[in-house]
Amino acid sequence: MGRNVLVSSLQNASFSIVFQIICRCITFAINAFIVRNVGREVLGITNVRLLLLESTLLFLSKEAIIRSALSSRHNKQCSWAQLINQLWITVPVCFALTLPCLYIWLNWLSAVDAIYAEQYRFGCFAIAFSCIIEMTAEAPIFVGQVFCFVKLKVILDTGHIFIRSFIFILIVLMNKNITIYAFGIAQITSVCTIIVGNYAFYYFYIPKLLQYRKDLKKVDDKYVLRDQYGQHFENMDDFPFVSIKQMLPGVLPNPNSMFNSDLQTLVLSFAKQGVLKQVLTEGEKYVMSVSPVLTFSEQATYDVVNNMGSLAARFIFRPIEDSSYFYFTQTIARDSALAEQKREMVQEASDVLAYVMKTVTSIGLLAFVFAQSYSGTMLLLYGGADFVEGGLPEQLLRWHSLAIVLLAPNGITEGYMFATNTSKQIDTYNYYMAFFSVTFLLLSYQLTNWFGPVGFILANCCNMSFRISYSVFYITKHFRSIGMNPLQKSLPGPMYLSVLIVSGIVCKVSEAYFSGRSIVCHLLVGVLCTGLSVGTWSFENRDLLRTGLARYRTRKQSLTPSETHVN
């Protein structure tokens with residue numbers, strides 16, 4: 001296999017960032033339309049209650065299985081047939097989870113108003129059904145990830161969000177009183193796009209790959225087939241499928257047992273961790289749904305501000321985190337000490353970890369500084385004067401920028417830790433995660449009673465601080481045996497920090513002077529200060545940028561089938 005994992009990870013991160021921007025822009029537009037025309041209560045039902053159901057089912061059904069399957073690619077004892085069988089377990093697991101979840105969402109959680117009760121019931125069943133059928137596409141999605149079909153993922157994900165948005169908007173424009181019905185219908189339809197698109201791709205790809213292999217035997221130089229077939233058929237000697245049917249469970253030839261015991265053990269470890277991680281990730285929504293801390297209207301306000309405050313996490317941090325996790329799983333073996341692995345691979349992983357940490361931390365600090373002066377302006381432009389009245393949304397967004405500073409390093413450090421932990425280490429961390437989860441829920445409930453919705457953000461900051469501390473301790477200990485510490489090179493430079501402080505002061509003065517006078521002038525000051533900050537960071541890290549650009553150009557110029565395969 002000649003695919004270059006680092007190049008694939010970087011390209012996947014780039015495409016994912018673009019996709020997330022498109023996705024968030026569409027979602028923001030829809031949310032603004034609902035806030036201004038339908039009402040905040042409906043937005044609270046769909047974006048908090050129903051999307052929480054979807055997140056719970058999808059995460060608990062597949063997260064542990066997907067992560068363990070990716071890590072097991074290093075295990076030569078784990079066959080493709082066993083991986084496919086394991087991936088299809090997500091379907092019955094999701095079905096089993098829908099039964100208690102539907103009962104809880106329909107009977108235990110705080111009730112919705114009678115006018116929305118029937119629509120809410122339909123929405124719950126629609127979300128559950130869409131999650132179950134979505135699991136049937138996990139096998140081809142996993143194959144595409146392993147064999148670096150990056151463009152396929154981007155095209156299908158983009159088509160999914162566009163179709164969902166188009167159907168939703170079309171129905172709502174016809175009748176604004178059935179917004180929740182429209183939400184459920186759009187969800188089911190868009191999931192079908194993912195399923196059909198993934199299987200259709202391999203239906204056409206596999207026969208052409210088989211023909212390519214036959215033609216390759218007739219020529220001495222495989223480059224002559226590039227014009228006819230393209231590069232996405234090269235370096236696919238290890239592609240195990242000769243029919244789309246082999247992506248179904250029990251069809252691919254398998255001389256071993258149906259499931260791999262090591263993979264099962266890893267799945268169980270990740271599953272226990274996954275439950276705790278889900279509580280930590282969506283904890284505030286669970287607290288909102290279980291207890292009457294906030295009304296649906298207040299929940300909608302918090303969700304809108306939370307989504308806006310999480311732009312950096314959704315657009316940049318999450319794609320980088322996913323790609324970094326994939327890169328580390330394919331570069332560092334989790335069951336071997338670093339001293340026993342290839343020195344050049346360990347050095348590259350150390351450099352990548354340090355550079356990624358420095359980049360995301362710099363972005364987090366940039367968001368924090370400018371949020372102090374532009375939270376009110378952005379919310380006013382987004383939701384109108386009625387939305388920002390009272391000052392709560394602006395206060396929430398400013399506090400949320402503090403959470404962004406912690407989100408930045410948390411995702412990367414945990415990603416490296418999860419990618420290199422053994423099953424025993426994962427089990428050990430599960431105990432800490434249990435403590436973090438309980439502490440987070442207690443803090444969320446108590447701090448919300450004291451400080452209102454801001455309490456959710458403060459509790460989240462405390463939780464991420466605990467998790468970052470544990471991850472940093474693990475990484476330091478992990479690299480100590482070979483005399484390295486990548487985290488020493490992960491902090492932004494003094495020049496960048498100084499410019500950030502000055503920019504923050506300038507923007508505060510601009511907010512005080514231009515408030516109520518000229519939003520355009522205030523925004524212009526922010527753009528200039530942002531450009532100065534980014535320029536300073538680029539100058540301070542010019543060697544890093546020069547090295548990265550040179551490496552990219554070298555790979556681009558010397559790209560051959562024996563080096564990489566990225567589609």
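For all residues, glycine too, the Cβ spot is worked out from N, Cα and C.
The model shown is predicted, which means the values in this text are computed figures rather than measured ones.
Ranges compared are 42-62, 399-419, and TrEMBL records transmembrane segment for 399-419. If you look at the transmembrane segment (352-371), the same-chain residues 6 or more away from its ends with a CB under 8 A from one of its CBs are 6, 309, 312, 316-317, 320, 324, 327-328, 397-398, 400-402, 404-409, 411-413, 416, 475, 486-492, 496-497, 500-501, 503-504, 507, 526, 529-530, 533-534, 537, 541, 544, 548. Remark: the transmembrane segment (454-475) makes no contact with the transmembrane segment (180-205), by the rule of 3 or more CB pairs under 8 A. A contact between the transmembrane segment (180-205) and the transmembrane segment (120-142) is present, since 3 or more of their C-beta pairs, 6 or more residues apart, lie under 8 Å. Tertiary proximity for the transmembrane segment (120-142) is limited to same-chain residues at least six positions away from its ends with a CB under 8 Å from its CB atoms, namely 45-46, 49-50, 53-54, 57-58, 61-62, 65-66, 69-70, 83-84, 87-88, 90-91, 93-95, 98, 101-102, 105-106, 112, 153, 180-181, 183-185, 187-188, 191-192, 194-195, 198-199, 201-202, 247-248. Same-chain neighbours of the transmembrane segment (87-108): 49, 53, 56-58, 60-62, 65-66, 69, 121, 124-125, 128, 131-132, 135-136, 138-139, 142, 248-249, 290, counting only residues six or more beyond its ends whose CB sits under 8 Å from a CB of the stretch.
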